[in-house]
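Below is one structure, written out as structure tokens; the observations come after it.
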């Protein structure tokens, strides 16, 4: 299934997402390339990609360049290795397609199940609960997808929240695998569907941003923020954690894996609180200043010229830089985007 997910990624980017991006006017052009320089290139590849002040002074004397010019060169050099806006649009489109499809598949499936309406049903007759084919495929597809995210995280550009996302993927994969092995698939489907509820809205906001539909992008982000906070800080603790912590204890007692299972679920809740804080802070900046100058968790690399322009501009919640270098792969959005 992991191989199928990766094949779906490649084919969707090639035959669907790329033509859509081209029709929307998204160019397959990368950021401004740094001026060729053997000395700076050797420093960049062998020593450091972000030289400190002392090294900058030494390079300035060696090359007879202004320090600001050298800083600009390193910014351009870091940016030129980043994916183009077209590449990021394709990535977000296939993720949007998966999240959207799997969420509504999960809703349609769970709507007919008794545990969707009464969480105590998750524990009746446990562990002797049947595993239907629809439930099985739902689980396997989700597991394959999160494994693909785990692997791609090491090939994508390293972001500031790399550790948080790594912990999130580990906890998610652990929960899916653990709940499947212990036949806790009923409550597992509730967790999966709840987490998919907001993810496709985030990807939709990215797509709108890459296509430069600013108002649509802002609307999707605000909707994403509302849904994320309601589901992760409201429904998740009072619906999911309530049944795993208290209802399960009441109905089947403290089973051996109770502590591990709930420990993973609580770990997810801690990550939800962190991301919700960042989302609220981003939205607050947008309301107060009329713009967000920088994503708190992106790896933005802007040239000095772009900094001069953006410092005097007033944009919406999201703004796309000319080099398209920013990245947002988790559940936080900010000043500039490049795609998860």
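Every residue gets a Cβ built from N, Cα and C, even glycine.
The feature domain 'Homeobox' is assigned by TrEMBL to 40-84. TrEMBL lists 42-85 with the feature DNA-binding region. The annotation domain 'TLC' is assigned in TrEMBL to 87-288. Here TrEMBL flags 96-116, 136-155, 162-181, 220-239, 259-280 as transmembrane segment. The region 'Disordered' annotation in TrEMBL covers 296-340. Per TrEMBL, the feature compositional bias 'Polar residues' maps to 314-328.
Among residues of the same chain six or more beyond the transmembrane segment (96-116), those with a C-beta under 8 A of the stretch's C-beta atoms are 5, 8, 12, 122, 134-135, 138, 141-142, 145, 186-187, 189-190, 192-193, 196-197, 199-200, 203-204, 206-207. Long-range contacts of the transmembrane segment (162-181) within its own chain (CB-CB distance under 8 A, at least 6 residues past either end) are made by residues 139, 142-143, 146-147, 149-150, 153, 187-188, 191-192, 195, 257, 260-261, 264-265, 267-268, 271, 274, 329-330.
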